[in-house]
Amino acid sequence: MPAAAVGLSHSPLIGKNDPEPEVLARVDRAVDTARTFIRAFEPDLVVLYAPDHYNGFFYKEMPPFCLATEAHAVGDFGTAAGPLSVDTAAARALAQGALDRGIDLTVSARMTVDHGFAQPLEVLFGGIDQVPVVPVFVNGVATPLGPVSRIRALGSAIGQAAARLDRRVLFLASGGLSHDPPVPVLDGAPPRVADALIEGHPPTPEQRAKGEHRVVQAGRDYAAGSSAMIPINPAWDNRLLDHLEQGELAEFDSWTVDAMAKEAGGSAHEVRTWIAAFASLAATGPYEMTSRFYEAIPAWIAGFAVVTAEGR
Ligand SMILES: O=C(O)/C=C/c1cccc(O)c1O
Ligand SMILES: [Fe+2]
């Protein structure tokens with residue numbers, strides 16, 4: 001089966017708190033490379049692995065991962081709101097395939113997603129409804145988190161199931177790499193915040209605007225060096241990319257949740273989406289990384305990477 005993978009960091013601060021024009025130009029070139037790669041590959045199905053930031057998944061029930069047979073985006077940080085063009089038949093087939101392979105997969109028939117899903121679809125395809133997609137939520141912020149080996153197993157099972165679909169499948173990862181944005185934490189949260197993280201009351205437009213302004217301000221403080229957030233860790237990020245490039249995916253099984261958070265920040269767990277996507281690609285056969293871009297971009301609170309890979 002023809003298969004490919006693209007990894008793309010997301011940041012809600014893109015366009016709101018941009019770095020110097022030279023940095024932007026380098027990112028634009030890397031994103032253009034990824035777009036050209038995707039055009040040449042001509043996928044007819046995208047399996048999109050992305051996290052959520054307390055817009056769709058809450059502690060009332062927080063699965064480690066969840067596959068959607070239908071999904072709609074909330075439209076946070078200026079991303080598009082509305083339905084994603086989910087390929088429901090393919091989603092059901094992949095869900096069954098993952099369950100058949102021993103993955104205890106949660107399925108959602110009405111998933112709510114945020115910029116983690118919407119941004120890569122907008123950036124790479126021009127909209128959230130432009131390509132048949134199977135959205136797979138991978139928890140990358142809400143602790144407790146399970147071992148990384150289970151994410152690799154998830155990716156591998158979905159990749160094996162996708163190989164039986166007779167489709168041109170692009171596995172797309174959204175998130176990471178090292179970063180420590182001010183995403184709320186349940187442990188120690190004041191009762192009002194804890195209640196929102198557990199129940200998930202939809203914020204009023206004023207509450208959403210206030211929360212988004214807080215993140216933009218955090219990006220400004222981070223870029224100015226006046227922040228207590230864990231710094232972006234280029235060495236850690238490049239180690240991750242090296243393992244992905246070399247196909248050394250089993251290396252991630254020894255990465256612990258605690259060490260990842262300490263070395264690379266509270267949202268570094270978003271790299272689980274990258275590990276899932278590359279495990280899916282690897283499950284279809286040997287692959288080659290065809291382009292690799294990385295830059296630490298504090299203004300976006302992101303160890304920012306864009307990578308393409310294709311089955312040999
Ligand atoms: O507050 C949020 O919803 C998310 C913030 C954020 C900031 C920077 C990089 C990311 O991946 C984020 O999700
Ligand atoms: Fe994120």
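The backbone N, Cα and C atoms fix where each Cβ goes, and this holds for glycine too.
For reference, TrEMBL has these:
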type     : residues : note
ACT_SITE : HIS115   : active site, proton donor
ACT_SITE : HIS179   : active site, proton acceptor
Sparsest-packed among the active-site residues, when each Cβ's other Cβ atoms within 10 Å are tallied, from HIS115, HIS179: HIS115
Rounded to a whole angstrom, what is the C-alpha distance between the residue listed as 'active site, proton donor' and HIS179 (active site, proton acceptor)? 16
